[in-house]
Each structure stands twice: as structure tokens, then as C-alpha cells.
Amino acid sequence: MTKIMFFGTRDYEKEMALNWGKKNNVEVTTSKELLSSATVDQLKDYDGVTTMQFGKLENDVYPKLESYGIKQIAQRTAGFDMYDLDLAKKHNIVISNVPSYSPETIAEYSVSIALQLVRRFPDIERRVQAHDFTWQAEIMSKPVKNMTVAIIGTGRIGAATAKIYAGFGATITAYDAYPNKDLDFLTYKDSVKEAIKDADIISLHVPANKESYHLFDKAMFDHVKKGAILVNAARGAVINTPDLIAAVNDGTLLGAAIDTYENEAAYFTNDWTNKDIDDKTLLELIEHERILVTPHIAFFSDEAVQNLVEGGLNAALSVINTGTCETRLN
């Protein structure tokens, strides 16, 4: 019987993974550990592996997988910047991802958390907790229909986000290297700077790559409309975090919401209750009154989890049986 290791198992995924195994006549072993130099030897007797990595995979894992006859790693996220695709290819390892598992879920997150900032909910909540129930100009908002929203990246998630904002009646600008002709309700601009210059809300939906690394830094924030709101449900490396904090502090941004953080791997998805966090930048984000932080959870719905579990396992089995899969990256 084919054997697949399901690394990075969350409690809510285990039953889904085992049920998939029964349906597909595959022996699935679940483990809460991640694939790493320390765990790769567990795969000696396995045919395939799926995992949910957040940090970089060590280089010595690839040749070990090759020596064990394993031909793939199925990543259970859309992001794949934790892998060295060229090194994997050198060792005959197919890397795959799950590019679309519930774009609507992430789009709903992006819009809902932006609306919290639009309606000044963090400020209002602090006032109410202090028993201040007055109406002040500082907590007055304006309708989204009177706003311009910039969508940076109009793939599945960005497109879904744009459609929600269109339902509010917002004016929508966008930038993508490959414009989507079906999104005829928005206006594409020739650059990110052009797309954001009049935007009240900026919503990021781009992958992590050389072109997007620290795309939003001080130089980019200099082109932002004063008082704009920034939402990042894409990848942490898209933003230069100290520059983001500075932009909020000096009023360039009214506020920001981030679901991803460049150095999140050691913290996000782990319980740090009653433990000391050494990352001063992360602490500054968390403690900032005008920055909302969530732990890479924009995708987190029952539909998305089911699709990620099955997407990873289906890709692993496809490579085992055929040598390739529809979602291969290298």
C-alpha cells in the first residue's frame, strides 16, 4: 500500500487526512512535526510527503529525500517561498502547492478587517472600555462607496476581494503584471505607485518573489494618500515592517492590518502564552493601537482547511503515480 506522511498536522486536520486515506487506499500517517533535517529520516519507508512549512526548508533535506526514493513535497498552502525550487529540481523533487483553496475566505478577511479600521472600531472599543461613550470627530468614518480601493495583485484572491468592494460601490484601481480582462469594473494602472496614489484602502494580494520583496517600503509609502489604510493578507516579505510602522506613526497611514509578518515562522501558529517574545518588531506591531495583527489566519475556514488537506494529498499521490501533478512548481 502507498504510504504518505502528513507533516504539520493540526488536530482539526487529522480526521480529514485519515478519511482521505481510506477513500484512496493510501496509508496516511499524521505528525504534528514539520519536515526538517531533524525529521526527514522518518520518511525512509514512505512514498510521499505533504507538509505545511512556514520557515525555509534546510538544503540537506532535498538530497535525503532523493536517497529515500521520495519524488515530491506537497506544500499545503498557496505560498511556496520556503522552498528552493532549483535545488529541489536538481534532486528530482517535485514541489507543489495548493494555489486555490478558498479565495473567497481570504477576500472576506481582507475586506472585513479593513472595515474595522474604516469604522474606527479599535478606537471605539478602547473608548468604550474606558467608559467614554461620546461621539467625537476622531471616530467618524465615511462610506466605502465614496472611497477608492487599490487592489495590488488580481489573481483569484485579489479578484474576489475586488468584487466585494465593487458591491459596496467603491471606485477600484488595480495593478497586476497580468491584468484580468474579466474584471471590467475596475481600472488597471501601469504601476503600483499609480494604483495606490489616490487610494483610501490598499489591499495586497501578491506572491512573495524577488519583484515583490519589500515592495512596500518608505519609498512606496511616500506615494500613498495621507490617511490611507493598508491590508496585507499576502506574504510578510512584501512589506518592510519598520517602514510600515513609521508610516502609521507619522500619519501617512491611518492604520494597517497584517495577517502575515516577514519573521513570523517562530511565532505564528504556536502558543506563546506566558512566554517572552524576543522579536521587538513583532511586539511593536502587536502593541500598536492602529495596527491589527492576526496570525496568518485569513484563510482559516472549514472549506479552506478541507481543500488544503485534500489538495496536498492529491498532489502527493499524483506525483507518486504519474511523476507529476497539476500544481507542480518546478
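Using the three backbone atoms N, Cα and C, a Cβ is placed for every residue, glycine included.
Among the candidates ASP176, ASP278, ASP279, the residue that Swiss-Prot annotates alongside ARG156, ILE157, VAL206, PRO207, ALA233, ALA234, ARG235, ASP259 as binding NAD(+) is ASP176. DSSP assigns GLU264 (active site) to coil, not to a helix or a strand. Note on proximity: of the recorded positions ARG156, ASP176, PRO207, ALA234, HIS296, the one nearest GLU264 (active site) is HIS296, by Cα distance. Per-site Cβ counts within 10 Å over the recorded positions ARG156, ARG235, HIS296 peak at ARG235. Rounded to a whole number, the C-alpha distance linking HIS296 (active site, proton donor) with ASP259 (NAD(+) binding site) is 5 angstrom. Taking the Cβ of ALA234 (NAD(+) binding site) as reference, residues of its chain lying under 8 Å away and at least six apart in sequence are, in sequence order, GLY153, LEU204, HIS205, VAL206, PRO207, ALA208, SER212, THR260.
Taking CA atoms as the reference points, ARG156 (NAD(+) binding site) and ARG235 (active site) are 15 Å apart.
Cβ neighbour count within 10 Å across all protein chains ranks ASP259 highest among the recorded positions ASP176, ASP259, GLU264.
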